[in-house]
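Database features (Swiss-Prot):
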BINDING   C3, C6, C18, C25  [2Fe-2S] cluster binding site
BINDING   H249, E273, C317, C405, C433, C458, E492, K494  hybrid [4Fe-2O-2S] cluster binding site
MOD_RES   C405  cysteine persulfide
Amino acid sequence: MFCVQCEQTIRTPVGNGCSYAQGMCGKTAETSDLQDLLVAVLQGLSAWALTARELGIVDHEIDSFAPRAFFSTLTNVNFDSDRIVGYAKEAILLRQSLAIRCRLIDSTITVDHPLAELQLDSDDIPTLQQQAQQFTLNNDKAEVGDDIHGLRMLCLYGLKGAAAYMEHAYVLGQFDEQIYAQYHAYMAWLGTQPRDVDTLLNNAMGIGKMNFNVMAILDRGETQAYGDPQPTSVNVRPVAGKAILISGHDLKDLQMLLEQTQGTGINIYTHGEMLPAHGYPELKRYSHLVGNYGSGWQNQQIEFAKFPGPILMTSNCIIDPNVGNYGDRIWTRSIVGWPGVNHLEGEDFTPVIEQALGMAGFPYNELEHLITVGFGRQTLLNAADTVIDLVATKKLRHVFLVGGCDGSRTERSYFTDFARSVPQDCIIMTLACGKYRFNKLDFGTLEGLPRLLDVGQCNDAYSAIMLAVKLSEKLGCTVNDLPLSLVLSWFEQKAIVILLTLLSLGVKNIYTGPTAPGFLTDNLMAILYEKFGMRPITTVEQDMKAILGH
């Protein structure tokens, strides 16, 4: 086992990465190794998809399957070894079928790629785990060096984050053949074990640019299906009644659950990255979408244990449900998996609903506590002139984007303290689950504008980018000349690709924390600082002084 993809990876003086019987996330060595094998199979599949395109063959099933299967290897998504193997088997069947179609056009066709003909050695998991040792991500690290290895991981993990957003978009009926072609090109290239520093850096930026287009179609899918988010008050305290909790990012799953629970007397609560759903007109019209429950994903073992109903996980992040003894009432969907828990294959939530009806639910209404969400792309763009006027009249000094992933590391209190320290003549935009560090605090208003603007999920960084672009156009300057600073927390691969997207667009002077990614060496961090001014957080006082000048 070797895995260094998330922020909580083991760090030692001799190297970083989880490499023992179990990762810090709870992923076993078996599952980790099988995920490496799956990635190798998917890289071979992408090599064939590229060759097929040269022959005029575009296989939409492969285009949708490949990023979905890759998504299953993201941090805190799928811990079920059998299902990981199932994805690998399906990938090989799809590859073989595509090869037959290619050879009907050109019987001599071959694919010059080391993984193009990769087969599984067995159906037996121990044998497959042994085979997977060939594809452990640090196999040639001693040969190529830490910097090359780190750049490979930057590209691989960035592409993994983009694959997740591609799947979210596809679920909403949004896809783009050019994006799929780019995805396959990067995936196949990574399977060749690239060693050139400049190519690795350039392709990392290319993955970031590709992801900007992915976020654009995802934004389109969400707003076409559910309307543009509107500022909306959300109760974060329970109300009396039977309950289902839904977590993850998949708004379509939430919509289907709301439809299927209408008239049942069951209240639906969002958790984690589902919070922004309350701002979408076509979702908030359901009266039994009553509020948001809990905080950051890392607290779920305590919070889920106290929730008096079933829990539906639609994407990341899931952690061991046995710790809180709620494994019998957590349900997984799509690419999510945990061994021994209930998995829903289709779109019928009847088993979840029946379980909720058989449970007590919340016994009484707690005192209401409202927070505001729904400052999506259109709302932000509509406010652009107001922001410009406030800046021009010196009533608004600076805008901070403080957000990203949450996690359990104690150093993450920095982001709470930073938000608290933002001066009264400044506003804060936030997004992703990092907002839970401070989104229940009262920041008041500035000239009628809320000082805390919840932009949405992690992919809604697109909304913040579009606001920055519009402001820069109106003011006749670059994005980097705006009174805007980004202070981002990271945990997993979606955050990595959003960072690559920002860097690829030329956004500079980003502060990141709580720690640098374990795969980025000091040399690589120095390169990112030199090229983009990207820097690790230090102390709130020091960073605030550096940003505001005093």
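Each residue, glycine too, has its Cβ placed from N, Cα and C.
Cα separation, E273 (hybrid [4Fe-2O-2S] cluster binding site) to C18 ([2Fe-2S] cluster binding site), rounded: 26 Å.
With a 10 A radius on its CB, C317 (hybrid [4Fe-2O-2S] cluster binding site) counts 27 other CB atoms from all the protein chains. With C405 (hybrid [4Fe-2O-2S] cluster binding site) as the anchor, the candidate binding-site residues are C3, C6, C18, C25, and the one with the nearest CA is C6. If you draw a 10 Å sphere around the CB of C458 (hybrid [4Fe-2O-2S] cluster binding site), it holds 26 other CB atoms from the protein chains shown. Under a cutoff of 8 A between CB atoms, and with a sequence separation of 6+ in the same chain, the neighbours of C433 (hybrid [4Fe-2O-2S] cluster binding site) are G272, E273, G296, W297, C405, D406, C458. Neighbours of the [2Fe-2S] cluster site: apart from C3, C6, C18, C25, residues of the same chain with C-beta atoms within 8 angstroms of the site's C-beta centroid are V4, Q5, Q8, T9, G17, G23, M24, K27, S32, T75. Remark: E492 (hybrid [4Fe-2O-2S] cluster binding site) has Q5, C6, E7, L74, T75, N76, G161, N316, C317, C405 as non-local neighbours, by Cβ distance under 8 Å and separation of at least 6 in sequence.
Sequence-distant contacts (6 or more apart, same chain, Cβ under 8 Å) of K494 (hybrid [4Fe-2O-2S] cluster binding site) comprise L74, G161, A164, Y165, N316, C405, C458, N459.
DSSP assigns K494 (hybrid [4Fe-2O-2S] cluster binding site) to a helix.
For the recorded hybrid [4Fe-2O-2S] cluster site, residues H249, E273, C317, C405, C433, C458, E492, K494 set the reference point as the centre of their Cβ atoms, and the other residues of that chain within 8 Å of it by Cβ are G272, W297, N316, A432, Q457, F491, A495.
H249 (hybrid [4Fe-2O-2S] cluster binding site) has C25 as its nearest neighbour among the binding-site residues C3, C18, C25, going by CA to CA distance. Neighbour density at the Cβ, taken as the number of other Cβ atoms within 10 Å, is lowest among the binding-site residues C3, C18, H249, E273, C405 for C18.
Annotation for C25 ([2Fe-2S] cluster binding site): same-chain Cβ neighbours under 8 Å, separated by at least 6 residues, are C6, Q8, C18, T75, N76, I319.
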